[in-house]
């Protein structure tokens, strides 16, 4: 309550009591009068007492004691109210606080901690900030920020609180603190002996000594309480004591008179009872204050019905402040013994608990019961509201409950602050299994009522009021797209609980689940082997199904346990959301893994018969299906299955083998991999069947390290799964599967591929096996891979030719490898010679040019050649004419040794595992044919691939190349009589080359030959195949030569020295850098490889241009040091700046002076002229700009009105050109010759620096001509001067004489004539000529007159009246229209005459305002001239001109036409006056940048989406369907017409608003206040108001107006509020300190109340307009993460990439397509392609369009947009080719008609008659074709 006297009052206690008594008497008198006058209303106030229970009062001012105690309810909680509460929940992002009256408040994380300590707290708590600082049960003081409605539940409200001490202690200062006062503080830092404290205010700090009790619990940011021990006012430090007992007992003393705003919740005070109230007591405390205690906060927790007897008047008690309301000055107190001891009351009961013997303590009539619940160790009070006493309405219930009786109660809630439980006695509350969320158990069956039905599912409610969600997929047994009809609101249905997490309950209505009698599986620990239960499928994969159970438990059923037929697909049998009965086969709860089976009984194990997993069997092919080969294995009841990839290790041969397999073919060796539903899963892979050791079937059989053969069963993004025997599977992570992490695993491996896997790790407890597939660890150690190839090749050849006797393999026996055979030259090709054999017509031989041995052959000639290889499948023989092979055979056949012996002797010198040097003779697709010179040219065969590299790009070999190999198998029948080799991983030839490279060190001089000459480098070769380069800066000393490479030619030899040697990234090659500088060649010491960065500002450097873009020329100074020259630093002449890129071609020599150095980037910035006196290395933006300098510039912005230009003179610096400095001479519109982006020549007039550090540069574009007066001393009285109108006021106007001088013109000195409308006759920017009237040098005030006469009335009158005579017919124009006549200005004279209404034509007498307009030309007759009174009377009746027809002079007619023109221009001037009204003065405020740019159209037309309009938006209008559908088109036209009418209406309203603003221009803050009251929702007016304040340099007031606007504008006016937010961003960007942080703070505020996407786009637009590219990029990345499903955000990213010329478009497109929903892909790709056409690379745009059209070839809208872009580019050949493609499409007639019409319009635009006729003919052909 408000105190009766202020703390500063000097009244004594007796005087105070007397004043109170007087006030009480007055109040009683007033009350009697009120009762007499309001007798009729008394009957309606019977319920008022109940309403008063929830009111807050401040009747202390009147002295009357209220009837009821203050009580906090949702209705009276207001922002700014201070409350005491207890923390009930600590979450990651917020706190939940229990408040008085059982209310619940929320505290955001940002309001729970001080911003100053936020970063320190994050570092000290590892991100979990709130839980480290706050604990449940902690008492806190808080302040209400706002109360709003809950979006999820109607009628619910949320109270948002703040715990920040800056708000609670806003009125605290060092003077008001007292020793012994308890105060809260944050721990700012932890020191050795104590804690530094922060009180939320900056005026003082604190210190608290450590105590042994809580030192471990204290962290930075923690809220602590302490007692003030001492105050050091000099150092402004408050010393506190942290003793909890002392804090609890400390009472606030009234030593100085504490003001009301220092009352803080939780403060303990000495109080005395003033009186008892109906529901509490009133206390007085701290001398002047009164407060109330409600009945739930009395000293006893269980007060009886006679509680009032305990509180006699003036009784002394200790109380704590419970709440303080500043608006009503009401104070609530508590006497609760726990709270008084500064502890939260204990919570001894839980919601849902039932107590049978609860005692009735008190019966409150009409309100409820107070009960004593027998909780342990102490009883707990509970209150039962009257509405919770019974299910039925009971009258006179007070008689049913007597004090002391026992009742059965159920706890329904708990008020933590009061320690009071709320209960219910209703019978229904004890029924049902669910009362609260804690009663819900997964799997329980419940009844519930449907309360909401939506597309996502249904919300159902249990009898107790608890709500749950039934998702759409669980509303039916089958998959549905919308809720079933039985789900009607109000329907009662049976459900089963699926799970309960964070009070979110999910239920199902699937019939099978609800009625299931099987065990409910709700925990991994409950999954015992053999358990049968029901679940539902969540995912179907080729290798099995994922099944979900209750409470989030899930398992996996492999394909073998699904009960599928051989070769059938899983998805054909099962589908997602299907309910299945499954059996647990195994479970590992520790890793949450459950294996399932859909089979009712376990499948037979391999032990049931003689075949076991891993054993070998034979089988005969029964049938071949597309997905498997069915094999008879000879075991009754079992079939064998071989998948195609298991036919061979070699993927290519496996495919061929499947194509030639036929029933009856017998596999001799097959290995059993697995058993699936009475089917044996078999493999014929050579690596597995013939493995040296049995493959493992259990994890216990796998050991590390070891290399084990297996096959890939699955590939994911993060790695590969490798399977062995049975279901034993290992995993190879991506980093262990391949060496290059950037490759795609699906391109490096394939499912079913045979691999050798290196075991890295085996975890026995989880059976997890980690593998590596890297070739370096898993390479083959034998020739089994190629051995299988040759064996299988022969089998396939036999299968291919088994039915054709003529095509047998007899030719193979006649052509053994190494023999010489005879044949005829059949054909000579570019690749070699084809040989035919007379004996075999279908067998051919082939000799490559490399094997011709230098001999030439003719067609038809007979040759003898040695057999190198046999391709049995292709019936091809590879031959050689080389002497070493032919002679070798001849030598062997010359001996009498038997044939078999000769074969053995040929390889007798070779041994297994012997390393040999071999020569590549033939490169085949899968292997190499090699010869071994050291073994008499014996032939060997080596595979190009290995098991793990089958999908890798093959290594390249060439004929004649020498390789190193090891012998792995000598020729015999198992190797198809071939010598098998294995290529060595390390090639000796490459090692030699590496050795040669290493011999060339830095500093070595070499003889080199020029191989290529480029503008910036010479390419050289030297040594043995080594290559290097000479950079252009290494050609001459000091880069003095203009073209250093001009005297060199390709092939020329020269001497160079190696100056650098480095390894090329991602390659084994070495890059050599050489130099031919004379100084380097002469230096005998070792040349330095690295170049020091020793450059200083002002130093002269020379280099060569290597790149030129729009704004920069990039120069190479040395090999690795670059420089950049800005376009505006290259010249001052606009013509030269325009030709910048042509002036700096690649290779041009440039010399300049260093302006800035960037050592970390090894980059310099140079300019072409010396820097003058600058010697330090510091970077300053104006170091190269000096006053008086002539520099180049580029216009970046044309400011509105007379604000001038902004000219960019540096990448980070712009200057301003004053309106008077635009042209040499005074002209009427100096801005007319300038446009944005134009290059200009500038002169620097002055450089200044503001207090914030920003630089201001004044520029001039004048080259010569008259000087501008910049000093008042240069002016004299009566001097004729010129200037531009700057501003117009009701008293006159101001003109600009120069950038430093303005002059004032009073309205009386504006013209010799009467000025009716200042704004029209003197628009802002108008050029005027006048003379100086007066000068005030001290105040710099100049007064000017524009009057041509001296101003005396006599002089003016003589000249004007002398030329006029009575009877003259004159012409003139209407100057003013009045009700009694017209005032007319007579042409050729300055005189004004009056044509009375009686002298007007009879038909124009009524409504003069509608008949005549100001400035309208009229003709009149002079009726009377009164020279004394200086009046002229005119007449315009028609009779006056009947006799004077044709008397008008030609001059008069001429003046009429001029006047008409003047009238038109005058009418347009009001629209030109807008901008100066927004921005008076010279200042330019970016805050209104958007409003400025729109002021000439509509003041509030703010566009948030700055992307270009999408052509796709108009596709509907272009498509033929829309063109031909007349009904739909007419409807659309009606809609568009209505929309246009609404838009037009809105424009009229806005224009009227603007005209109103112009008509009565506000010139003071009061004027703007009136406007804001009349139009509170108009952002246009608020922005004008802000601009007005900024023009007065009132930045803080402008901020406050922005905040007022945001609070005032109606929340439904989103666009209006958004305009204000945008202006607020711009204001802080210009005036914030620092701007970046200020903008972010405003942005965070805006996010809480605005559409997040729109506000992000608004901030992004501001960053882009102000060239803050780094911030714009960072914000855009955040937007992509936050709005990754927004097409607009990704398109903005594409635009920025194209704008910045970055080659990142493709990567952005890939990311976008991953994130965007599929239905947005077409729009996104189309917009991206259009952007590429407009500002990127058209070829990329074409690729995007082509990709879409391949997928949607019949989308005419895509074709139309594609054609539009090509037509815009203008390549006629491409356009016609694209049109020809479109008219060849098979489309409906309506669509093709649209395309033909577009084609015809294009040809008509070109004017080619032949092409026009051609298109018409093609259209007729298409029509005839469709009709036929």
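Every residue gets a Cβ built from N, Cα and C, even glycine.
When TrEMBL is compared with the stretches 1290-1332, 1333-1375, 1376-1418, 1505-1547, the one noted as region 'Disordered' is 1505-1547. Of the candidate ranges 1211-1239, 1240-1268, 1443-1471, TrEMBL annotates residues 1443-1471 with the feature region 'Disordered'.
Only sequence-distant pairs (6 or more apart) were considered; of these, at least three Cβ pairs between the domain 'S1 motif' (443-510) and the domain 'S1 motif' (530-599) are under 8 A, so the stretches are in contact. Among the listed stretches 180-243, 530-599, 705-774, 1003-1077, the one sharing the most Cβ pairs under 8 Å with the domain 'S1 motif' (614-685) is 705-774. Here the domain 'S1 motif' (705-774) has, by DSSP, the following mix of helix, strand and coil residues: 8 helix, 35 strand, 27 coil. Using DSSP to sort the residues of the domain 'S1 motif' (180-243) gives these counts of helix, strand and coil: 0 helix, 34 strand, 30 coil. Across the domain 'S1 motif' (1278-1347), the DSSP tally of helix, strand and coil residues reads 7 helix, 35 strand, 28 coil. When DSSP labels each residue, the domain 'S1 motif' (818-882) comes out as 3 helix, 39 strand, 23 coil, counted as helix, strand and coil in that order.
Secondary structure by DSSP for the domain 'S1 motif' (443-510): 3 helix, 35 strand, 30 coil.
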